[in-house]
Amino acid sequence: MTTDTIVAQATAPGRGGVGIIRVSGPLAAHVAQTVTGRTLRPRYAEYLPFTDEDGQQLDQGIALFFPNPHSFTGEDVLELQGHGGPVVMDMLIRRILQIKGVRPARPGEFSERAFLNDKMDLTQAEAIADLIDASSEQAAKSALQSLQGEFSKRIHTLVESLIHLRIYVEAAIDFPEEEIDFLADGKVSADLQTIIDNLAAVRREANQGAIMREGMKVVIAGRPNAGKSSLLNALSGKESAIVTDIAGTTRDVLREHIHIDGMPLHIIDTAGLRDASDAVEKIGIERAWEEIRQADRVLFMVDGTTTEATDPQDIWPDFVDKLPENIGITVIRNKADQTGEPLGICHVNQPTLIRLSAKTGQGVDALRQHLKECMGFSGNQEGGFMARRRHLDALERAAEHLAIGQQQLEGYMAGEILAEELRIAQQHLNEITGEFSSDDLLGRIFSSFCIGK
C-alpha cells in the first residue's frame, strides 16, 4: 500500500457535461471532508457543494467514496463528479492540491496502483489503455476480453502446465534410484508436446490480437506494371503514388496508413520485382524484399492480361520460393476491366484469389473485406484478446526455450537442462501478466497511459 495520495482528472480534458476528479490514497476521506464539509458514507452518491479554503462554492455535484480494499486501486478512492468545464476542473484540482500530502498523479498511476495492489494483472491494466484507444468495434471487444481476464487465463493455464511438468521432471532428477525412468516413460515427452502445441495456439491468437491493436502490415508486390501503385491509390483513396505505363516508375517504398471500418492497416507499395541493371532500381528492389520479409500479408499483384494462371507457383515460382513460410499471401489478378473476368474473391484454392481492377476500383471492396477478415474482423464474433509487441516477444522466447528443452530430452535425456529450460519459459510467461517484471518495464508500460487512469 502506498503512503501518498494522488489526484487527477479522470475524464478527457475539454468541455463536457460532466467532469470527474479522482483521488486515491490514505488522505482520500480527508480530502472529501475538506472539499465537501461532510464525512461521506461509503458507496453512497451524495449531491454536495464543493468549496474552496474560504468556504466559497466552486461547484456542486456528486461525491462518491470507496474505502480500501474495495475500490479500483485497492486504496481509499474519492470521486468528485462536477460540471465538465476545464476552468471548473482546474479550480477543483488546485483546491485539492492545497491539502498537505496530496500530489498530482503521474500518467497511468491509478492503474499502476491497481496492479501493485493485486486488483488486476498487467495484461488487464494494459487492456484499459487499449479499450480507450480502440479504433473499431472489434478492437474494443478484444480489449474488453483482455480486461475481463481472457488473455491472463490462457497464460495462467500454460504456467500451471509448466509447473506440473517441472515438478515431475525435477522429481525424476532428485530420485534417480527409482526403478522407473520417469524421463523415458513417455509422459514427460507427451506433456511437453501438449504444452508446446497449446503455446502455439496462444501465439496465433496473440498475433491476431496484436494486428488488431497495432495494424496489419500489407505489402503490395509483383512485377513492374502489374498495377501495384494503382492499387495503393485505390485503397488509400488518394493519389499517393505516380502511375504511368512506363515499367519501373516506382523505385522506392511508398507507405500509407489507412483504416478500414476503424481497423488499422499499413499499406506499402514496392518497386516492381525483376532483374534490373539500373543501380537505383536495384536498390528499390532490395528495399522491396526487406519490406516483404517483414510483412503480415503480401498482396501478389498479377497483370491479368499477361497470364491466365491463378496459382503463384505457376505464375512466378521463384518469387514464392523466396517468401518466408509464415507470411500470408493473397493473389490479386488485376485489370479485370480488360480481361472480362468475374470480379470478387475466390476461396476455392489456396492462397485466396481476388479479381479486380485497380484502375476503375471494381472489386476493391472485396479486397477491403478480405483484409478486414485477415485482421480478425467478424461481425458475429465477440473478439479474441488484445495483445502487444512485448507479449509476442515473451511468447516467442518461451517457445524457443521449450523447443530447446524438447531437443535435450529427445536427444540426450538431459533432465537437468530440460528443467532449466522449463523454468526460463515459465519466467517469460510470467512477464506477460506481471508476476515477474522489472520496475523499468512497469514504468514504461504505465507511463503510456492517460493521466487519471
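Including glycine, each Cβ sits where the backbone N, Cα and C put it.
Model, not experiment: these values are computed from the prediction.
Positions annotated as (6S)-5-formyl-5,6,7,8-tetrahydrofolate binding site by Swiss-Prot: Arg22, Glu79, Lys119, Lys453. The DSSP secondary structure for Lys119 ((6S)-5-formyl-5,6,7,8-tetrahydrofolate binding site) is coil. Listed in sequence order, Pro69, Phe72, Thr73, Gly74 are the same-chain residues six or more apart from Lys119 ((6S)-5-formyl-5,6,7,8-tetrahydrofolate binding site) with CB atoms under 8 A from its CB.
Averaged over the domain 'TrmE-type G' (215-376), the predicted model reaches a pLDDT of 87. Taken from Swiss-Prot, the feature domain 'TrmE-type G' applies to 215-376.
All protein chains shown were included, and the count of other CB atoms within 10 Å of the CB of Lys335 (GTP binding site) stands at 22. Taken from Swiss-Prot, the feature GTP binding site covers 225-230, 244-250, 269-272, 334-337.
Over all protein chains present, the Cβ of Asn225 (GTP binding site) has 21 other Cβ atoms lying within 10 Å. The K(+) binding site feature in Swiss-Prot is assigned to Asn225, Thr244, Ile246, Thr249.
Residues annotated as Mg(2+) binding site in Swiss-Prot: Ser229, Thr250. Of all Cβ atoms in the shown protein chains, 24 besides its own fall within 10 Å of the Cβ of Ser229 (Mg(2+) binding site).
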All chains considered, the count of other Cβ atoms within 10 Å of the Cβ of Arg22 ((6S)-5-formyl-5,6,7,8-tetrahydrofolate binding site) is 22
Site with most surrounding Cβ atoms, counting all protein chains shown within 10 Å, from the binding-site residues Lys228, Ala271: Lys228
Should Lys228 (GTP binding site) be counted as helix, strand, or coil on the basis of DSSP? helix
Only counting partners 6 or more residues apart, tell me which same-chain residues put their Cβ under 8 Å from the Cβ of Glu79 ((6S)-5-formyl-5,6,7,8-tetrahydrofolate binding site). Ala10, Ile20, Ile21, Arg22, Val23, Ile62, Ala63, Leu64, Phe66
